[in-house]
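**Student:** Copied straight from TrEMBL:
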- 24-123: domain 'Phytocyanin' (DOMAIN)
- 1-23: signal peptide (SIGNAL)
- 146-168: transmembrane segment (TRANSMEM)
Amino acid sequence: MAIIRSLAFGILVLLNSAMWASATDYTVGDSSGWTTGVDYTKWTGDKSFQVGDNLVFDFVSGAHTVTEVTKSDYSSCSTSNAISNSNSAPTTVSLTSAGTRYFICGVPGHCSSGQKLAVTVGSSGSGSTNNTTSPYYTGTYSSASLIPVGFNAVILTGLLMLKFGLFWA
């Protein structure tokens with residue numbers, strides 16, 4: 001019986017590890033970070049963003065913002081109806097669902113000079129690569145969003161192991 005418990009535990013740990021490994025952290029703008037003078041449409045061009053990935057906006061705190069906006073506000077570089085805003089770096093945005101989100105820098109003049117990002121996020125396993133004709137982005141701002149992919153699975157696994165007595169004494 002102890003061998004079965006150990007084997008079951010090992011398989012569950014392996015499955016959870018695979019889930020953690022499937023997420024990718026992307027530093028927006030790579031070594032340039034989140035700043036003016038970077039072509040973010042080009043930056044997204046060779047990437048395939050998936051649900052569970054994270055975007056890390058690295059910038060000098062107070063010098064820029066990461067402001068989530070609607071498609072309309074993205075096009076007009078308006079922050080008047082901002083969905084969320086962060087001015088402290090680094091800002092991590094978890095891509096929690098497939099769909100469209102848009103981000104701009106709310107510092108006057110920055111968005112109009114190109115500091116804006118739009119990314120398409122595909123559901124896990126069915127990625128969507130971004131292109132210049134249809135740029136999109138998905139993410140959220142909250143400490144809950146910083147929970148790594150697979151964390152819920154780890155909790156669920158632990159609860160199931162307790163329920164079925166798979167922990168050894």
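Using N, Cα and C of the backbone, Cβ positions are placed for all residues, glycine too.
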**Student:** With DSSP helix as H/G/I and strand as E/B, how many residues of the domain 'Phytocyanin' (24-123) fall in helix, strand and coil?
**Tutor:** 14 helix, 36 strand, 50 coil
**Student:** So what pLDDT does the domain 'Phytocyanin' (24-123) average out to?
**Tutor:** 94
